[in-house]
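Pulled from TrEMBL:
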TRANSMEM  6-39  transmembrane segment
TRANSMEM  51-69  transmembrane segment
TRANSMEM  75-96  transmembrane segment
TRANSMEM  108-128  transmembrane segment
TRANSMEM  134-153  transmembrane segment
TRANSMEM  174-194  transmembrane segment
TRANSMEM  206-228  transmembrane segment
Amino acid sequence: MLKTRVITALALLALLLLVVYSGSFLAFVVVAALFLGAAMWEALRLFGNRQPLAGAAIWTLAFCLVVYYQKQFAAPLLFAVCAAIWLLRLVPALKFGLPPLDGVRNRLLAGVYCIAILGCFVAILQLYQYSPLYLLSVMAIVWVADIGAYFSGRAFGKRKLAPSISPGKSWEGAFGGWLAVLLLGAASALSPALQGTFPARLQASWGWGGWLAVMSLLVAASVVGDLCESQLKRRAGMKDSSNLLPGHGGVLDRIDALIPVLPLAMLFHSRF
C-alpha cells in the first residue's frame, strides 16, 4: 500500500511539473479540465447524484467556456462568491451538519460545492498565467500544512480537532502544520531567489503583520477544506471519493484542501 501510494504521488508530481513547465497553455488547460471533470464526478457521487458523469461533463464544459472567454469573465467575482460559500454555508455545516442525501437542500448544497470546485480550478488557471512558480508556491502552502500536520499529529496529537468528522486529526497536528507553513513561508519571503513566490509578494506588499494574518488564514482554510470533504464522505458512507488514484483514493481526496485556499489566495493577490 505504501509503495503504491509513493509511486502514485511521484507520478502525479512528475505530471504536474511537466505540464506546469511545458510552456504549453493548451496542455495545461487540457490536464486541468480532466482533473476538474474527475473531481466533479467524485463530488456529485458524494451527494448521491444519479447521473454524476453527465453532471461532471456539464461543469467541465463550464470551465472550458470560462477559459475561452476569460477576458470577459469576472473571475474576482467568482472568487468572492467562493469565499462567501465557505464562510456562510460550508464552514457552518461542520458544526451543524449536512442535510439528508434525499432532498432539495442536498441538491442545492451540491451545486454550491461544485461552484467552489470550479472557482478552485479557475484560480489555478490564473495563478499559472501569473507564473508557474507562483502557482506552485500557493499550492505548497497546502502541501506543507498537510505534511506538517501529519508528522506533528503522529508525534504529539492528543486533542481531537473534529472527532465526529475526522477522528485522526488533532489540534496539535493543525498547529504543527501552521508552524511548518510559517517557517518555510518566511524562508521563501527572505530568500532573494524566491521573490517571485506568493509568500514573498505578500510580505513585500503587506508587511510581516499582514503576511502572518493571511498565511494563517490560508492554513485554516486548508483544514476546513479537508474536513468538509471528510464530512461529505462520512455522510455518503465512503472511505475515499473514488479509486482513480491508486493508494490515494480520488482526485477530490488530493485537492480538497486546495478548494477553499486557491480562490482566497487570488483575492489577496488582487490586492497586491
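Note that Cβ sites are derived from N, Cα and C of the backbone, with glycine treated the same way.
Since this is a predicted model, take the numbers as computed values, not measurements.
If you look at the transmembrane segment (174-194), the same-chain residues 6 or more away from its ends with a CB under 8 A from one of its CBs are 137, 140-141, 144-153, 155-156, 161, 200, 202-204, 211-212, 215-216, 218-220, 222-223. Counting Cβ pairs under 8 Å to the transmembrane segment (134-153), the top-ranked stretch among 6-39, 75-96, 108-128, 206-228 is 206-228.
Sequence-distant contacts of the transmembrane segment (6-39) (same chain, six or more residues past either end, CB-CB distance under 8 Å): 56-57, 59-60, 63-64, 67, 117-118, 121, 124-125, 128-129, 132, 135-136, 242, 244-248, 250-252, 254-255. Sequence-distant contacts of the transmembrane segment (206-228) (same chain, six or more residues past either end, CB-CB distance under 8 Å): 86, 90-91, 93-94, 113, 141-142, 145-146, 149, 161-162, 165-166, 169, 174, 177-178, 181-182, 185, 189, 199, 256-261, 264-265, 268, 272.
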